């Protein structure tokens, strides 16, 4: 049974304390026992290897007990590590699932955005076509196609007259607005001066009255 590396530290701490209690050199035998447990696949192979190591300094009556104790502790450490590993795997799987769902949402939103963009472009294109058709129709109405006749020339003249009148009206309205603005400004200045003059007169009357007293 090969062991994960993460359980080696926990088991090694326990093993070192147990070897110290047996007055066995932990520096020599600790790493040796740990290596055997990690390399041997079956429980029987592990037990035989442990007995071969520990028989050098343990009596026969305690050898079996110590071997069983070491194997039991090793198995428990492996089980706890497996549970932690499974929990970690479950957490990793949950995070991966969440990331996948978020990625799907982003893709779906992007697809919706693309669809909305396409619909918008289609509407704009349709509107542009309609506008172009209307503009062409207006141009056809304003500028008759074909050989100019007296009637078409008369229509063109009328259109120009209307446009000129509108331009004159706009210019006149602009000029009137500017004049009104200047008049209002002048009136405000007059009102301001009149108000100041009244204040000055009132002030002078007050000063005269005080001097008479």
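Placed from the backbone N, Cα and C atoms, the Cβ positions cover glycine too.
Feature annotation from Swiss-Prot assigns coiled coil to 119-206. For the coiled coil (119-206), the model's pLDDT averages out at 75.
Here Swiss-Prot flags 131-142 as compositional bias 'Acidic residues'.
The compositional bias 'Basic and acidic residues' feature in Swiss-Prot is assigned to 169-200.
Sequence-distant neighbours of the compositional bias 'Basic residues' (201-213) (same chain, 6+ residues past either end, Cβ-Cβ under 8 Å): none. Annotation comment: Swiss-Prot describes 201-213 as compositional bias 'Basic residues'.
What Swiss-Prot lists as region 'Disordered' is 127-213.
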